[in-house]
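Participant: To start, I am sharing the structure in question, which I have written as C-alpha cells.
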C-alpha cells in the first residue's frame with residue numbers, strides 16, 4: 001500500500017500520541033505499508049516531537065522493521081538451533097537458489113521477500129519455513145518448488 | 001459482570017461447575033502452534049461437521065485447547081471422559097474415529113499411539129511414556145481448557161489463589177511464602193524470586209510511591225517455546241501470578257512484553273486481560289479489596305537482547321533495546337527510573353500454585369536448592385519432540401531416554417545443548433547428572449529458559465559453536481566493545497577452523513577471547529556469549545583438533561572439509577538426487593548407478609538428503 005498521511009494520523013491517535021509508544025506505532029506503520037516510508041518517519045517525528053534520528057535508530061535496531069518496501073509474500077526460513085541441526089541452513093540456500101536472491105532481499109517482481117529468522121518457537125516442526133502467517137513444517141529441498149508455487153498465483 | 005467480593009467469585013465458580021457435566025462427552029483438539037500447522041483446526045471443524053450430520057451435536061462438545069506438549073505426534077485429539085488419546089489425526093480419519101469411539105465404544109486402532117509401528121497401541125493419555133514420567137504443574141491446564149474462556153479457568157480453581165491472597169494474606173506473608181517455597185527465576189538466571197520481590201517492595205517508589213511489575217515473554221532463545229505455549233494455552237495463570245505479585249510488592253501497573261513472532265500469544269493474552277477486567281479481577285478495586293492493578297501488553301520488535309531486563313525496559317519506554325550497566329539494579333531504578341520487578345512467564349505461572357497449595361507442598365519436590373518443576377522444550381534428534389515438565393533433579397538420561405524415547409534412526413547420542421546461546425553442550429559422560437540450576441552450571445552449561453536440544457553423532461560440535469556465535473553476532477546490540485568485537489573475532493577464528501584453515505594455537509585464542517568477554521561485557525548476553533565455544537572445547541576438543549590438524553570434519557558437516565560420492569552398488573538409479581542437484585553435478589541414466597562430478601559439486605547436501613537408499617556417501 002502506498003503512503004498515506006491519514007493512515008499515520010490514525011496510528012498516532014490509536015496510541016494517544018504517546019511518544020513512549022513509538023515502537024508500537026512503527027509496528028502498525030510497518031503492517032500498513034509493508035515497510036517504514038521516509039514520510040512516515042518525518043510525520044512521527046513532528047507529531048511526537050522526537051528527533052528523526054531516534055526513530056531511525058529504532059527502525060534499524062529492531063528486526064521487525066524495514067526501510068525498503070517488502071515483497072507481497074514474506075518467506076521466513078527458521079535458523080533456530082533445532083532447525084539448524086536438521087538442515088535449516090541448506091533450506092535457506094535452496095530458497096536463495098530458487099528465488100535468485102540472497103536472504104534479506106526481495107525478488108525483482110516484488111513477489112517474495114526472503115529472510116532468515118532466529119527461531120519461531122515451533123521447534124517440533126523443524127526445519128520450519130513460514131510464508132506470511134502459514135507454517136510449512138519439516139521442509140525438504142524437494143518441497144521448495146511446491147511451496148513457492150502455492151503463492152505464485 | 002463485576003465480582004465485588006471473593007465470595008462472588010466462589011459463587012460464580014459453583015454456577016459454572018453446575019452447568020458443566022463431568023460425564024459429558026468432550027473432544028479436545030490441540031490448538032498449539034505445532035498442531036495448528038499440521039491442520040488441527042481443520043480437524044476440529046471436521047469433527048463439528050460430522051457430529052452435526054450424525055445429529056450428535058448436543059451431546060458432544062468439541063474444544064480447541066492450548067498445546068498438549070507432544071508436538072511430534074500432532075494433530076492431537078483427546079476424548080473425555082474416556083481419556084482416549086489419538087495422534088496424527090487427519091481429515092480422513094474423523095468419521096471413523098467418531099463412529100468407533102462414540103458409537104461402538106471401542107477406540108479406533110489406526111490413530112492410537114504406538115511407540116514404534118511394531119508395538120501394541122496405548123489407549124490412554126496417562127499411560128503413554130511421554131506423559132507418564134512428567135509432573136505437569138505449570139502446564140496443568142495446557143491442553144485441558146479453552147484458553148479463550150475465563151470461565152473454564154475459573155472452573156479449574158482459577159483466581160482462587162488471588163482471592164485467598166487478597167482476602168487474608170498480608171503482602172509480607174505472600175513474599176515469605178514464595179521465599180519458603182524456594183521459587184527461583186525460571187527465565188534462566190535462577191535468582192531467588194522472593195529476594196527480588198522484597199528488594200522491589202522495599203525500594204523507594206518516589207513521591208507517588210510507584211512500582212512496576214513486568215512479565216518477560218520475549219523468549220528469544222532458539223530451541224525454546226515453553227513460554228509461548230503457556231501464554232497461548234493458559235494465559236490466565238500468568239496474569240493471576242502477576243496480580244498476586246503486584247499485590248505483594250505494592251504495584252499498580254504491569255506490562256507483559258511479548259515477542260512479535262508470537263501473534264497467537266498476544267491475541268490470547270489480550271482476550272484474557274479484557275475478560276479479567278470485566279470480572280473485576282484486574283483494574284480498580286480488585287474483588288472489592290481496595291487494591292488496584294492493571295496490565296498492558298507490549299509487542300517486542302524482534303531483538304534477542306530485549307530478553308535482557310534493562311534492554312527490555314528500554315524497549316517498553318520506546319527506545320532501542322540496549323542494556324545499561326547495572327550499578328543500580330532495576331529493582332531500585334528500572335522502568336521510568338522507578339522500582340521494577342521483572343519475572344519470566346513460567347515464574348509468574350508458578351505463583352498461584354504456591355499460594356493455593358502452600359510453600360511446603362511446593363518445596364517437597366525438587367533438589368536441595370532448586371524446588372518445584374521445570375518445563376523443557378525437548379527438541380532436535382530425539383524421538384518424542386515436545387514440551388515436558390519434570391521435577392527438578394531428574395537426570396538428563398531420564399528426560400532424553402525415559403520421556404524423549406531416545407535418538408531416532410538408531411544413531412548415537414552425542415550431546416545435549418541446554419540454556420540457549422548462553423548455555424553449553426553436555427556430553428554423554430554427564431547424562432546421569434541431575435538437572436537443576438546449579439548442576440547445569442557446574443557442567444559449564446546453564447538452565448536458561450529451558451531449551452534442550454539433543455544432538456546425534458551427525459552433528460559437528462565446531463559447527464554448533466559457530467552457529468551460536470553467528471547468531472549472537474547478529475543479536476549483540478553493539479553497545480559495548482568486548483561483546484561486539486569479541487564475538488566478531490570468535491566467528492573469524494571458528495570460520496577459519498571449519499574451512500580447514502585453522503592454525504595451531506587457535507583453541508587457546510578462542511579461550512582467551514572468551515575470557516575477555518566474560519569479564520568485560522556490559523550485560524549477561526556478552527558475559528555468557530562464549531559459553532557454547534568454551535563448553536564444546538572442554539568436552540569435544542578432539543573434534544576441534546581434527547579440524548585444525550587433520551583438516552577433517554569427523555561428523556561430515558563442514559562443507560569445505562567433505563566430499564560427496566555415490567556408492568555404485570547401493571544406487572538404484574531413481575534420479576531423485578539428479579533432480580534436486582542445483583549445480584548439475586550428478587549424471588546417470590534411469591535405473592543405473594549415478595555419479596557425482598566432484599568439480600561441479602557445491603556440497604549443498606541436497607542429494608544426501610533425498611536419497612531413499614542412503615547411497616550418497618560423505619567423506
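Here the Cβ of each residue, glycine as well, is placed from N, Cα and C on the backbone.
Here the structure is a predicted model, which means the values were calculated and not measured.
Heads up, here are the entries from TrEMBL:
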- A:78, A:83, A:119, A:123: [2Fe-2S] cluster binding site (BINDING)
Participant: Please list residues from the chain of residue A:83 ([2Fe-2S] cluster binding site) whose Cβ is under 8 angstroms from its Cβ, counting only those at least six apart in sequence.
Facilitator: A:91, A:119, A:123, A:126, A:127, A:128
Participant: Which number gives the other C-beta atoms within 10 angstroms of the C-beta of residue A:119 ([2Fe-2S] cluster binding site), all protein chains shown included?
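Facilitator: Neighbour count, Cβ to Cβ under the 10 Å cut-off: 28.
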Participant: Can you check which residues sit near residue A:78 ([2Fe-2S] cluster binding site), meaning Cβ under 8 Å from its Cβ, same chain, 6 or more apart in sequence, and list them in order?
Facilitator: A:88, A:116, A:117, A:118, A:119, A:120, A:122, A:126, A:127, A:128, A:129, A:130
